[in-house]
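> So Swiss-Prot lists the following for this protein:
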| type | residues | note |
| --- | --- | --- |
| LIPID | GLY2 | N-myristoyl glycine |
| COMPBIAS | 139-153 | compositional bias 'Pro residues' |
| ZN_FING | 490-507 | zinc finger |
| DOMAIN | 721-912 | domain 'Reverse transcriptase' |
| BINDING | ASP789, ASP863, ASP864 | Mg(2+) 1 binding site |
| BINDING | ASP1162, GLU1200, ASP1221, ASP1291 | Mg(2+) 2 binding site |
| ZN_FING | 1339-1377 | zinc finger |
| DOMAIN | 1394-1552 | domain 'Integrase catalytic' |
| BINDING | ASP1405, ASP1464 | Mg(2+) 3 binding site |
Amino acid sequence: MGQGESTPLSLTLDHWKDVKTRAHNLSVEIRKGKWQTFCSSEWPTFEVGWPPEGTFNPSIISAVKRIVFQETGGHPDQVPYIIVWQDLSNSPPPWVPPLAKIAVASGQDNGRKSAGGRPSAPSRLPIYPETDSLFLLSEPPPYPTSPPPPPAPHAARPAPGLMAEGLGSEGPAAGTRSRRPRSPTGDTGPDSTVALPLRAVGPPAEPNGLVPLQYWPFSSADLYNWKSNHPSFSENPTGLTGLLESLMFSHQPTWDDCQQLLQVLFTTEERERILLEARKNVLGVNGAPTQLENLINEAFPLNRPQWDHNTAEGRERLLVYRRTLVAGLKGAARRPTNLAKVREVLQGPTEPPSVFLERLMEAYRRYTPFDPSSEGQKAAVAMSFIGQSAPDIKKKLQRLEGLQDHSLQDLIKEAEKVYHKRETEEEKQEREKKETEERERRRDRRQEKNLTKILAAVVSEKGFRGRQAGNLSNRAMRAPREGRPPLDKDQCAYCKERGHWARECPRKKNARETNVLTLGDQGSRGSDPLPEPRVTLTVEGIPTEFLVDTGAEHSVLTKPMGKMGSKRTVVAGATGSKVYPWTTKRLLKIGQKQVTHSFLVIPECPAPLLGRDLLTKLKAQIQFSTEGPQVTWEDRPAMCLVLNLEEEYRLHEKPVPPSIDPSWLQLFPMVWAEKAGMGLANQVPPVVVELKSDASPVAVRQYPMSKEAREGIRPHIQRFLDLGILVPCQSPWNTPLLPVKKPGTNDYRPVQDLREVNKRVQDIHPTVPNPYNLLSSLPPSHTWYSVLDLKDAFFCLKLHPNSQPLFAFEWRDPEKGNTGQLTWTRLPQGFKNSPTLFDEALHRDLASFRALNPQVVMLQYVDDLLVAAPTYRDCKEGTRRLLQELSKLGYRVSAKKAQLCREEVTYLGYLLKGGKRWLTPARKATVMKIPTPTTPRQVREFLGTAGFCRLWIPGFASLAAPLYPLTREKVPFTWTEAHQEAFGRIKEALLSAPALALPDLTKPFALYVDEKEGVARGVLTQTLGPWRRPVAYLSKKLDPVASGWPTCLKAIAAVALLLKDADKLTLGQNVLVIAPHNLESIVRQPPDRWMTNARMTHYQSLLLNERVSFAPPAILNPATLLPVESDDTPIHICSEILAEETGTRPDLRDQPLPGVPAWYTDGSSFIMDGRRQAGAAIVDNKRTVWASNLPEGTSAQKAELIALTQALRLAEGKSINIYTDSRYAFATAHVHGAIYKQRGLLTSAGKDIKNKEEILALLEAIHLPKRVAIIHCPGHQRGTDPVATGNRKADEAAKQAAQSTRILTETTKNQEHFEPTRGKIKPRELTPDQGREFIQRLHQLTHLGPDKLLQLVGRTSFHIPNLQSVVREITSKCQVCAVTNAVTTYREPGRRQRGDRPGVYWEVDFTEVKPGRYGNRYLLVFIDTFSGWVEAFPTKTETALTVCKKILEEILPRFGIPKVLGSDNGPAFVAQVSQGLATQLGIDWKLHCAYRPQSSGQVERMNRTIKETLTKLALETGGKDWVTLLPLALLRARNTPGQFGLTPYEILHGGPPPVLASGEVVGSNGDFFPVLFTHLKALEVVRTQIWDQIKEAYRPGTVAIPHPFQVGDRVLVRRHRSGSLEPRWKGPYLVLLTTPTAVKVDGIAAWVHASHLKPAPPGAPDESWELEKTDHPLKLRVRRRRNESTA
């Protein structure tokens, strides 16, 4: 037969499966159609000699590859196909013909000649095909080309094909990363088995030059192996850190290789942390880490640098970069200091000590900032190693002598000795086996010894009885009687015949034997076996003989006799344990009876066994007689009931149980309230009621009462009087009595309104159990119950006589002669603490009952008791003991409400039956009778009543969701069909409420969770055999933030929400969470764009708990099957859903698009002349594209959004790069915009977010450009690159746009001023002593600082020599100022809004001054912001009425109506009274920023000044009466020069301070100008200087200087918690050490910040020595005491 010619193309198509496998191994994908098209049509057009039928010639394939890989004009879509062709050429498969292989080999050898012109050795095929890098499809970086190798002697010119393979730097393949076949010889290149990025390609070009390096990038296989064979950096950073450290110093990667390693091996967050830590470790010129940005960018650039690895400088840069990157890796691997993590590292049972030490040191490196290998930490590591080692090693190491002198190596040696001396597992098993055998041998020997003794006793007894006739008590043998002939051996002693003995003589009558069972009796069986009790039963129609074995728990068959079940049981025997199966139900016939039973199948059993299980079921009886044991069955006659058909319903009626068995009433007559009367707890002391510290008696008049109501409660009051529970009294306390009519009767019961008393009584923590989870502690196995209700429980506790007057009430009964007040002698009802007090008292009294009766469980809820037991007998016994205990303690039980020893009881509104809880019919009827609501309050009442039953209603939150909006008061109430439908569905669900199992705390729980329409729904279950029983149905609505998340994240919130509710029932037991999402992976690697760190930490603390586990995702579970409106959720992958719902536009980029114009946007907002101006602009590098001013008050964030939105609109249909320096605008466009849209643009509080309209406009405009990239750039940079220049231009254009529409008018100051015509005042000279005395008295009067005191003295008519030095000396020595004044804080002064004349703008604030005087506890302070004039008024309360009164009585008459009032958001200022007064007077009341006292800085500073002045005056006068000292403090405040050297008095009144108005301070008379001239002088100053200076804006301050404290200085330290009239500073202390920011002082252990220190005044010593007596008469104690009398 003929055969057609095969071509390379036909061969590949015939073996296409192998070709496709080869492509898959190369990590590329190819198609059969394109393969044929490229080979036959495309590649022949390249004109490189490619035939249409294909070829395996390497040179032709390389030529095609060069064209495909060209940077310009290349063919990226053909890259995978030519790569596979080249791989088939380099590694021919078996189906390639031999001629083709020879052609391939010859093509590979072409041009490869040796230096002498001889051909090189033939190429050897590689074992594994080399895989090309995954990065072949991306554009390669511009790596510097390697230098050519040095010329070798007689070297032949390389072939052109070899040049094209990459050794040359020209041609279309220059700069590509293609992998060519490597030469097998070692002469032409490095070893191909080592993937070094930089490889030496030959000797250096110069004698002392560098070895040239050639770049080879990492292969994808290397990266994949490193990624897959090492744990993630977050789990265990040691592996990747060690890998990269070895790669850095062995493979010499370039900058791009380092970025590739970071990109592949680390996550984004890990990579950013590593780069940040690395930049922190860049070393400066001094060898220490530097903070200079230029040095950091130079040594560790974030963008690709132009480093040439073939130069010395380039290699040095790469070396520094690698070292810094390794330091960053180690820094990022370090976790926050957590010594608890170190203590958790314990040695495993089989872990070698050296491995454990390595794990321990790694924990030190990760969780502490210490280096465990340093000398200073070796002791700590050694102690941890000893304490956390295995018990045997720890015991050995702790016994070492001189433990502190042993090194870690010594400890390791000792630990290794103990470790290697341990038994192996085989040795341990062998030893245990030998010990077991030895114990068995000893037991066998002991049993044999005992048996030998028993047999010896039996034998000796037989011998003794046989010798009684002639040998007793070791006497000699008796001689035969005379006259009786001797007997022969075979002669009978009875008949004298031969042939038998006497006991066998037939003539002898047998004597009657005594029925005594002894071993020697004739009637014993001896060694004969006892008769075995056996019975024959018919099993599945086959008669089977069973051996009755009462010691066997289960009945046994030796053969299955039918189908086997799945149940297995472990049977432990003498030879070990083995698992045996069970049969299914088998039918047994026993006489006329038929029963079904499961048998245990044991083939090794000698006979079928009838065990206790089947004997019990058959009610068998075993009788033992002389004939043997007999087994009989109970056989009762059948009974039938004949009745009429119409009477059959009586069989199904539920019998009405009697209230209580009369026998209980007779057994315990003193415990029933109906027989014994009122109870009294005899072991509880009288209750004392504690009042609040500020409580005062309250008397509330009695409400009017109808005659019917009074007559209705009179019998109850009289009964309590007769019993002594009520007694007459006279008390300042009085509360009203309310008669409440009992439903369905004409009887009334008295109820006392104790609300006013409850307000004045101290609160105690309520310890009453929560009825929601009280039943969780009731085991489901306890199905017999008794319920007791204590009668008049609170009246069982006595009330202390001192507390009785608190509960007095008014009562008038003229017929009985009672007129006045009555009060309770027992604990009253209506008192808020009565339930807690009674619950605790009863709990203490019944503590002994709980301890002595563990067989029952008793639950207590105030006065309701529940006793539960597994059996009726235990329940009855426990109830009897409880009644005895209650009778002895003095409590009384209601016989009408008692439920004793029942399987079904009602407790706390639940119906308990069979280990389950049900809703009572009365509870259901209550909800069903609720009419349709008509008001929001009625809706809330319905939801509250139905919410009690929500555990029984699946998906209650979903059903009630339409009703929740109607519960709001201010929302219009409109009842629609949807509301009526929800109302009806809740009632229908209540009627079909299922039974819920009681939680069994010995079993784990399973929580099924699902989320639909923002509602979390779940089912809490527990297993019962193969089924899961529901314990509770849970449902809850998610908060507004979580409701806007993707479905997968909403499931996380739902699980966390329901898990907290389930914990109330599970009480900390293990919970298995089952949901239709992969929750565990999301929780462990949460998306950082959707939720905050605080919320994610909260979820992880709840869900990543050792008691919470996650099951695989289940699309269908009981929670997903709960009723909903629609369910069309598809199966999905959570990670993909989260990725899809993150961005606002799929192709939006944060990196610049190449070849696209760039725009720069910016928004500006600033305050000018008290108004906030704003503008926005868009510029490019040449012109302003758009600029506009924005409305007054626009914030900077809003301006940035407007600028970015406008840029997107202007770029409609274009490709554009938009730069912005706003993080807010950038994050909104890339991340937060989609999140806001998902949430409905709501905050976590359910309110609209800020800039809502601008964000919506941005989200719409972001889709207008054809292609867009929004890039964030740093703002206000000084560089010359285009980005920094464009950003500065945009900022300038925005500022200009903000001011573009403002009309600036130039105002000139009034140059006219008063010229004095009488000259200046001539100052009076004072002597130095007079000047010092004057300054001293002036400072004692004002306690001003040096600068203010200088200004004040400078305005007097006195001249004092050396004024500055005298003032500073006196102020520095003042002890009162030193311990009171605060340190000047170096802050930049800000701008504040002020009035333009006195009395226009006031600031007001309350401040508390302790201790209060004359009832005044507060100080109301007013300050005029223009002049600084202060008004302060002591007040008793901090109310709005006080503020309004002072404004109307003090401010209004003296200063006129203010235009503006500023205050904080205190209740007194935001009240309707204050705001209403401001509205009526036309005052603009400005409320300052909340929690920002700086916004009320002027009045806050004045509060501090007044308090400091009061403190100084109180210290000097020795009193605490600050109300009396307040005028002096106001005098000081009003006469203190301000910023411009003027006092508030001068600004307001135009005159000098009153303290300087007289010249008699010194005591001499001088020639002074009259007072009128002084006033005129002041008027001139006011008109010319004062007001204009005050209107000037603040000037920025100077930069703060380092602290001046040195070692040896004496300083004062700030008190952080000083009182109102206590000094602020303590000390002095001696400075020991200093740093640029902190100081170490003697006497304080911690370092003190320099801002909390001030120099101590010279004078008093800082310490003194005292002598103290001791107990010893010849010893004295010398104690150093620090002087802090002023502190």
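Keep in mind that glycine also has a Cβ here, set from the backbone N, Cα and C atoms.
What's the neighbourhood like for each of these?
In this structure, ASP863 (Mg(2+) 1 binding site) belongs to neither helix nor strand by DSSP; it is coil.
Counting every protein chain shown, 27 other Cβ atoms lie within 10 Å of the Cβ of GLU1200 (Mg(2+) 2 binding site). In this structure, GLU1200 (Mg(2+) 2 binding site) is part of a helix by DSSP.
Mapped onto DSSP classes, the zinc finger (1339-1377) shows 27 helix, 2 strand, 10 coil.
When secondary structure is read from DSSP and collapsed to three states, ASP1464 (Mg(2+) 3 binding site) falls in the coil class.
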> Could you tell me which three-state DSSP class ASP1221 (Mg(2+) 2 binding site) falls into?
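The residue in question, ASP1221 (Mg(2+) 2 binding site), is coil (DSSP, three-state).
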> Whole-number answer please: how many Å between the C-alpha atoms of ASP789 (Mg(2+) 1 binding site) and ASP1464 (Mg(2+) 3 binding site)?
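Spelling it out, the Cα of ASP789 (Mg(2+) 1 binding site) and the Cα of ASP1464 (Mg(2+) 3 binding site) are 56 Å apart.
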> Out of ASP863, ASP864, ASP1405, ASP1464, the binding-site residues in the record, which is closest to ASP1221 (Mg(2+) 2 binding site) when you go by Cα distance?
ASP1464
> Can you tell me the three-state DSSP label for ASP789 (Mg(2+) 1 binding site)?
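DSSP assigns ASP789 (Mg(2+) 1 binding site) to strand.
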> Taking the Cβ of ASP863 (Mg(2+) 1 binding site) as the centre, how many other Cβ atoms fall within a 10 Å radius?
20
> Could you measure between ASP1162 (Mg(2+) 2 binding site) and ASP864 (Mg(2+) 1 binding site) for me? Cα positions, answer in whole angstrom.
72
> Of ASP864, ASP1464, which of the binding-site residues has the most Cβ neighbours inside 10 Å?
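In terms of Cβ crowding, the pick is ASP1464.
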> Using C-alpha positions only, work out which of the binding-site residues ASP863, GLU1200, ASP1291 is nearest to ASP1464 (Mg(2+) 3 binding site).
GLU1200
> Fill in the CA-CA distance, ASP863 (Mg(2+) 1 binding site) to ASP1405 (Mg(2+) 3 binding site), as an integer in Å.
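So the alpha carbons of ASP863 (Mg(2+) 1 binding site) and ASP1405 (Mg(2+) 3 binding site) sit roughly 53 Å from each other.
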> Could you give the Cα-Cα distance between GLU1200 (Mg(2+) 2 binding site) and ASP1405 (Mg(2+) 3 binding site), in whole Å?
37
> Across all chains shown, how many C-beta atoms besides its own are within 10 angstroms of the C-beta of ASP1405 (Mg(2+) 3 binding site)?
23
> Give the distance between the Cα atoms of ASP1291 (Mg(2+) 2 binding site) and ASP1405 (Mg(2+) 3 binding site), rounded to the nearest whole Å.
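Roughly 40 Å, rounded to the nearest whole number.
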> Identify which of the binding-site residues ASP789, ASP1162, ASP1221 has its Cβ surrounded by the largest number of other Cβ atoms within 10 Å, counting every protein chain shown.
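When each Cβ's neighbours within 10 Å are tallied, ASP1162 leads.
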